[in-house]
């Protein structure tokens, strides 16, 4: 599979499919809402123009949603950082290009601004289209001043929705735990979409009403109480209709873009018989990091390794040369290695002269520096969770499906166990759990384990401080990541329990299951004793 060809077409086709289906559902909602406004949809010139303008406004909103959406929760640049970067570019760096990280975050900030602007413009136009053409015989058609007021309030509710959308981080693509057909996934989300629409439309109506108070008097006009109430009802129905279209578009976008894509040639084809793993590995190795295409590839690999639906694809990983298996393990361990390295660097960056200040203050300057440095450590949570599950499942299946023994001979099993345990040790330290194990005889069981006493060292103080703020979202991800890593290690230990016991009795446990090079986090002694705890089913 060509990354610049077929791979990119996957994302493009899903975007086009999303635009088609959202236009279908928005058409149905537009036609059904008209009777509520005493204005049934008729094929008149004004009605057709209102319908076309309504579809164009939703096209603008849907396109902006697709532009801002991402499976990776990147952190945008703040206004102060943007201003500082602009000053540095113009006056300090002498025309030299800014860092790639700053450019990436600046693009995210720009996309957020464009999204809020598009939401406001789309809200203004779509609300006017819905509220226009009301039954003039009933005296409900808004005047031109009334349309200007509706357009302003529609702009306000669109601006409100855009800010809420970004503040709640709804632009992040969240992959479902269970992959269902798109129709059933979309149907399951309808009740929550309607409930969210009710809450947002009510809040947006109040927000726009407050802003409408400050409009000049010439825009308000003089109307009777009955007509005023009718206009308010029409406007609320218009807001509800537009927000319902937006909520359903958001839900449809999530369903279509998080659906599994199979990166494999058709079963029975020549490519499937020769090298069925190449399309998937090409995407995993060459796709843009943090892109939707990369996430879809990891999702496909995870489902191949964990389920028994595509056993022929998993069997192709264990080909005789072992190169395919090593490539698969390498792409799975890479995100976990990055996680362990970042956590290790962040914890080691604590300076000794700040440790006592940290122990006496809940939020010290150094504490904020640590939070800032480790802010993006668990931003790759979904990818790391998949990789831990992939590595564990592939290692377990190698116990029975690896006919040539490539997993053991290539050292992949030791690499998987060592990476998972190093990552677990780093996450547990980040959570505030002590990991300094001491034992002189390497006994299996709790008798051979001695937990280190709490010291005033820099890492101990950092751990103590971090344990005080466990309600932070990133610490919730840390607890989830630790559970996934622990479960993955137990999965492997359960499958190879007899082999590990025999290696332990022969004194070869470390040689067979722990890498000889320096671990990513911790020491060989800590990894060895941690593995023995897992072997005794006492690690928690």
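For all residues, glycine too, the Cβ spot is worked out from N, Cα and C.
Unlike curated entries, TrEMBL annotations are predicted automatically.
What TrEMBL lists as transmembrane segment is 15-37 (among others).
Annotation comment: TrEMBL describes 49-70 (among others) as transmembrane segment.
Panel annotation: around the transmembrane segment (110-130), residues 30, 33, 37, 50-51, 53-54, 56-58, 60-61, 63-65, 67-68, 76, 147, 150-159, 161-163, 165-166, 171, 235, 237-239, 241-242, 245 of the same chain, lying at least six beyond its termini, place a Cβ under 8 Å from a Cβ of the stretch. Feature annotation from TrEMBL assigns transmembrane segment to 110-130 (among others).
The transmembrane segment annotation in TrEMBL covers 150-167 (among others).
Feature annotation from TrEMBL assigns transmembrane segment to 188-213 (among others).
For the transmembrane segment (233-252), the residues of the chain that approach it from at least six positions outside its boundaries are 18, 21-22, 25-26, 29-30, 33, 36-37, 58, 61-62, 65, 123, 126-127, 130-131, 134, 140, 142, 150, 153-154, 157, 161, 165, 170, 186, 189-190, 192-194, 196-198, 200-201, 204-205, 208, judged by C-beta separation under 8 angstroms. Look at TrEMBL and you will find 233-252 (among others) tagged as transmembrane segment.
Using a Cβ-Cβ cut-off under 8 Å and counting only residues 6 or more beyond its ends in the same chain, the transmembrane segment (15-37) has close neighbours at 51, 54-55, 58-59, 62-63, 66, 130-131, 133-135, 140, 234, 237-238, 241, 244-245, 248-249, 252-253, 256-257. Below 8 angstroms of C-beta separation, residues 68, 112, 115-128, 131, 142, 200-201, 203-205, 207-209, 211-212, 215, 219, 235, 238-239, 242-243, 246, 250 of the same chain, each at least six residues beyond the ends of the transmembrane segment (150-167), sit close to that stretch. Listed as Cβ neighbours of the transmembrane segment (49-70) (distance under 8 Å, sequence separation of 6 or more from its ends, same chain) are residues 15, 18-19, 22-23, 26-27, 30, 41, 111-112, 114-115, 118-119, 121-123, 125-126, 128-130, 132-133, 166, 171-173, 245-246, 249-250, 253, 257, 290, 292.
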